[in-house]
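According to TrEMBL:
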ACT_SITE  H187  active site, proton acceptor
BINDING   G11, G12, A13, G14, Q15, I16, A17, N105, Q112, V129, A130, N131  NAD(+) binding site
BINDING   R92, R98, N131, R162  substrate binding site
DOMAIN    6-149  domain 'Lactate/malate dehydrogenase N-terminal'
DOMAIN    156-325  domain 'Lactate/malate dehydrogenase C-terminal'
Amino acid sequence: MKDPIRVAVTGGAGQIAYSLLFRIGNGEVFGPEQPVILQILEIPQAMDALKGVVMELQDSAQPLVHDIIATDDANVAFKDANWAILVGGKPRGPGMVRADLIAANGPIFLDQGKAINDNAADDIRVVVVANPCNSNCLVAASNAPDVPKDRWFAMTRLDENRARAQVADKAGVLSTEVTNVGIWGNHSASQFPNFEEIKVGGKPATEVIDDRGWFEGDFLTTVQDRGKAIIDARGKSSAASAANAALDTIRSLITPTAEGDWFSAAVYSDGNPYGIADGIFYSFPLRSTGNGDWEIVEGLELSDYAKEKAAATQDELLKEREAITDLL
Ligand code: NAI
């Protein structure tokens with residue numbers, strides 16, 4: 001058996017972690033031969049609740065879980081971590097606008113970025129789930145100067161999976177038939193799931209579903225507003241599907257991407273091929289070699305429509321950045 005890897009998860013007493021931690025322990029992401037040490041961070045007020053989660057993890061007796069560390073100290077949680085999944089954060093309260101949410105979460109991610117910088121293993125990779133995930137990721141990465149920027153990812157995989165499911169349903173095929181789903185930009189209502197590139201069974205989705213009005217209308221709004229629709233239906237925000245998307249993100253990063261396909265995550269834009277502004281975490285279609293290297297898919301011909309959408313979500317991210325310049 002291999003040596004265990006250390007996986008830090010923040011927000012361990014929350015909804016998403018309640019699914020995520022157990023699935024990591026099952027070997028669903030790192031494989032059935034890879035033991036893990038779970039290093040779970042919470043705020044002091046939630047440590048009792050976290051104790052309960054840890055008891056349940058213990059009671060699952062998962063063979064791959066070699067140790068569980070529960071702490072309210074970020075320096076302990078990120079100590080020698082090989083992966084960090086940042087799920088914990090301040091939720092949007094009543095009357096809060098997006099800028100308030102960004103400002104409320106900024107200091108958390110500043111501190112966690114520093115703690116990652118000072119404590120994590122040399123090969124640390126970080127996936128930021130907590131919203132506003134693109135800007136939280138920017139704050140954390142900016143405060144971890146020793147960790148290369150290409151090790152940081154903000155999660156747009158749930159949007160990708162939502163888009164895939166919508167297209168599969170409309171085309172009447174299994175979701176595995178739907179490939180080349182790329183989310184562009186921010187994990188927010190401004191995101192652009194670029195349907196012009198999606199394929200169904202290898203053919204352009206826009207040919208298989210010959211209804212441009214559906215793509216520009218219901219498809220886009222369903223994907224963009226899905227988070228709110230789930231809150232309206234369930235009374236709570238998406239959790240199991242968000243945990244699933246976090247695992248998919250990591251799996252895509254550690255597995256070679258299938259020939260011709262791609263997956264989505266927000267990465268640090270730095271001289272990207274599509275002229276998107278530098279210095280923001282922007283979601284692009286990515287390909288991975290499977291050994292930690294990834295690249296933005298090059299050579300896609302964006303239509304004027306797609307360019308306009310890609311620019312609009314970029315502009316929103318630039319505005320979000322203005323709210324946190326003092327934290328960068
Ligand atoms: P939750 O409210 O159930 O759990 C969040 C947990 O984080 C709480 O237990 C809280 O005590 C903890 N926490 C707060 N500040 C912390 C800190 N400084 N350090 C460590 N832990 C801290 O929320 P849930 O449903 O688990 O969602 C977590 C985050 O994920 C939210 O920000 C949510 O908006 C985001 N999310 C992102 C998605 C995406 O696609 N990127 C999809 C769904 C949710």
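Each residue's number is its place along the chain shown, starting with 1.
Even glycines carry a Cβ here, placed using N, Cα and C.
Feature annotations (TrEMBL) mapped to structure.
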| residue | record | contacts (Cβ under 8 Å, 6+ apart) |
| --- | --- | --- |
| G11 | NAD(+) binding site | A17, L41, E42, L86, V87, G88, G89, A130 |
| A13 | NAD(+) binding site | E42, A46, M47, A49, L50, G52, V53 |
| Q15 | NAD(+) binding site | K236, S237, A239 |
| R98 | substrate binding site | P132, S188, E320 |
| Q112 | NAD(+) binding site | T10, A74, F78, L86, A140 |
| N131 | substrate binding site | G89, R92, L101, N105, H187 |
| R162 | substrate binding site | P193, T222, V223, R226 |
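Look at the domain 'Lactate/malate dehydrogenase N-terminal' (6-149): DSSP puts its residues at 65 helix, 26 strand, 53 coil. With a cut-off of under 6 Å between the Cβ and any atom of ligand 1, the binding-site residues Q15, A130, R162 reduce to Q15, A130. Mapped onto three states, the DSSP output places H187 (active site, proton acceptor) in coil. Secondary structure at R162 (substrate binding site), taken from DSSP and collapsed to helix, strand or coil, is helix. Take the CB of H187 (active site, proton acceptor) and look out to 10 A: across all protein chains shown you find 29 other CB atoms.
Each residue in the domain 'Lactate/malate dehydrogenase C-terminal' (156-325) has a pLDDT score, and their mean in this model is 96.
Taking every pair among R92, R98, N131, R162, the residues listed as contacting substrate, the largest Cα to Cα separation comes to 22 Å. Neighbours of R92 (substrate binding site), defined as other CB atoms within 10 A of its CB across all chains, total 16.
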